[in-house]
Amino acid sequence: MLGLGADRLRADMNRLLAFLFHQGVLDEQFLQLQQLQDESSPNFVSEVVNIYFHESEKLLRNLRGLVLEREFSDYKKMGIHLNQLIGSSSSIGAKRLTNICVAFRAASDQNNPTACLRALELLEHEYCYLKNKLHEFFQIEQQRVMAAGVRYPIQN
Amino acid sequence: MACKADLVVSDQFPTGLRVLVVDDDITCLRILEQMLRRCMYRVTTCSQATVAMNLLRERKGCFDVVLSDVHMPDMDGFKLLELVGLEMDLPVIMMSADGRTSAVMRGIRHGACDYLIKPIREEELKNIWQHVVRKKWNENKEQEHSGSLDDNDQHKRGSDDVEYDFSATEGAEELLITQKRRRDAKEENEELENDDSGTAKKPRVVWSVELHQQFVSAVNQLGIDKAVPKRILELMNVPGLTRENVASHLQKFRLYLRRLSGVAQQQGGFPNSYCGPVEQNAKAGTLGRFDIQALAASGQIPPQTLAALQAELLGQPTGSRALTGMDQPLLQASLLGTKSIPVDHGVTYGQPLMRCPSNISKQFPQTVLTVEDVHSGLGVWPSNDLGVVGASSNLGGLGAQSGNILMGMLPQHQHPCQQQQQQLKQSIVPEPSRSINVQPSCLVVASQSSASFQSGKSPASVNQNSFSKGCVIDYRHLSPQSNNSSVVAGLLSDGDVRRTSVLNGCGGPGSISPSVSSCSINADSSAGRHFSGVSPNISGVQGSYCSTSGQLLDQVPLRNLGFVGKGISIPSRFAVDEPGSPTSNLNCGKIYGERNGNKVKQEPRMDFVENVKVDIPILQNFSANDLTSVFSE
């Protein structure tokens, strides 16, 4: 019974992932992250994703500050933040979010405040969505581990 | 971390490679660390460049290779690259989320061993050991040539090096062959990077400010063209200095000069990618925001930019530079390749030289190799009295072929020396067919390919022939306009959409075909003045990046989001499907629509809230505050 629960949860995880892939929210880089997880770093994926969320929120706040500035002119700084966001988002496989960032960067290069604002909104939106989904994913994972653990003796 | 290299070689070479990773992005840092561990390397991570430098200095000989991000808040990645090259002479691999050709080109010019584009895959990291081996082999080979050293010197670099040599025989053979080829190409610089037989321990001579000053005066006296190590050595008359030391330093110096010109050239074009303190060229500034090198190549580098550039390179405050009024005569002199370049003047770099970026790996092996093999280790160039020779230095350094190109491509200057420029250029222009080889060595991504962010990402490794797809930029359709903004705007009307479609060809001056050369993109009004044939185009071409799919990416979301310039003329050839499309949210709408559609098929567990605003009951860590704060106006 418990074993079945674990399997079902695993199936749910896979389904969620497949869905996210299908939508283009995640890409294969996320799979790479999963492959990097092993016994020496059993929580690698969630660790990295949490770091990512933490850092990204800082960047998003900064971006928001820059975009909403009255004298909206520091495109260079915006570009710097965006570069970092692009780097980290693409590194965890958040493809859709990365795309938005790239577009944002382009708007910033153009010194286009309207476009920047719109990009920011989209970005924040997407970020929330991604965060939700990934949290969901990790939750299921947690439940699965627990379900599996109850049935089988925990090693190490 | 132990400084001793306890390498377990045997079958598992290159296990135990000691890597230092520097990146301010903690996410990437963690991922890289994990990947490198999986490659069985020994990883040290650092999120600050200054800390990394200290680490490297304190523990010299404890690292084999450095991976560094380009954009870091406390120090520019390229600066770190220089310092590492100069002080520790380690291979440095640059990383960046910016995969644009221009950015990659900068990396190459700065002497990075490799340039990885994020997201970095494990396979790419597995290969970094080759840079270490290559470097060592190069150095060893040089030693053999100079005949001054034996195997002992190899040991001086750390015991594991020997193991690399022995255990890497298979792979190294290939490397050797490659190196042999390269070496033939750059004979003049052959005996480099070797050890000073005089100093027993540390192979490198420390180039102090005074020493370098003597070096520079010797070079200036001889003229950069005629500056050969032997003569320089004689002029310098420093006991204990060997010809080899001078030769290697000379190569670095040339690299430095070349990079200066390249960097200066790009000042106007990189608002966000170059984080150095250099102010943007006022002239380039009008076009400035746009990542088009052409704009930067429009001409003059004002003294303050040069000064700032120099200061930045030397790590000195810009205020200390005094360049006013100096650059003109120096530029003039440099253009003519005269010897009489006064030493006491500051940096003179009015000549943003055109490179042939896309051709580098194929046509101009010299160029690439000098860049690659010799780090532009520039950390401590002397201050005010650096007499830097301008364009001609590069001509001297490279083969005549590329030299011609460079000269031919020199953009116009607002200088009294224009005339001479013109003469020079005109004399060279007739040979474009020889020097400018329009060949397939362009970085191209078919513009029709999908915008998958990952798929087409071309690893900007100089070792790979990523410059392999052939295409010629056809700038015919971009009308030469004296109005900067419209041209630029036209180029960027759809944001990067323009860029990607325009740049569907080779991204560099080297890839100019005579046909292309007829049109001038150079947004700068001074464009029309000079080159009958080649150059205006060059500026334009220069400004283009070959689009990687990362750029194509720009195209897609832009279209979706409708960030299109208003009322900008778009040459029909490059017109985007929906310029200025009002359906800005179309794709976003689609996405959401998809979601909704899928929602039906999915289990109830997939609980999509359309506007992911607040209530996500199943998520624990997600406080409502987070969401609302993000969304709050």
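Any Cβ shown, glycine's included, is placed from N, Cα and C.
Automatic prediction, not curation, is the source of TrEMBL annotations.
Quick look at what TrEMBL annotates:
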type	residues	note
COMPBIAS	B:140-160	compositional bias 'Basic and acidic residues'
COMPBIAS	B:187-196	compositional bias 'Acidic residues'
DOMAIN	B:18-133	domain 'Response regulatory'
DOMAIN	B:199-261	domain 'HTH myb-type'
MOD_RES	B:D69	4-aspartylphosphate
REGION	B:140-161	region 'Disordered'
REGION	B:177-199	region 'Disordered'
Across the domain 'HTH myb-type' (B:199-261), the model's average pLDDT, rounded to a whole number, is 77
With DSSP as the yardstick, break the domain 'HTH myb-type' (B:199-261) down into helix, strand and coil residue counts.
41 helix, 0 strand, 22 coil
How many helix, strand and coil residues does the domain 'Response regulatory' (B:18-133) contain under DSSP?
54 helix, 24 strand, 38 coil
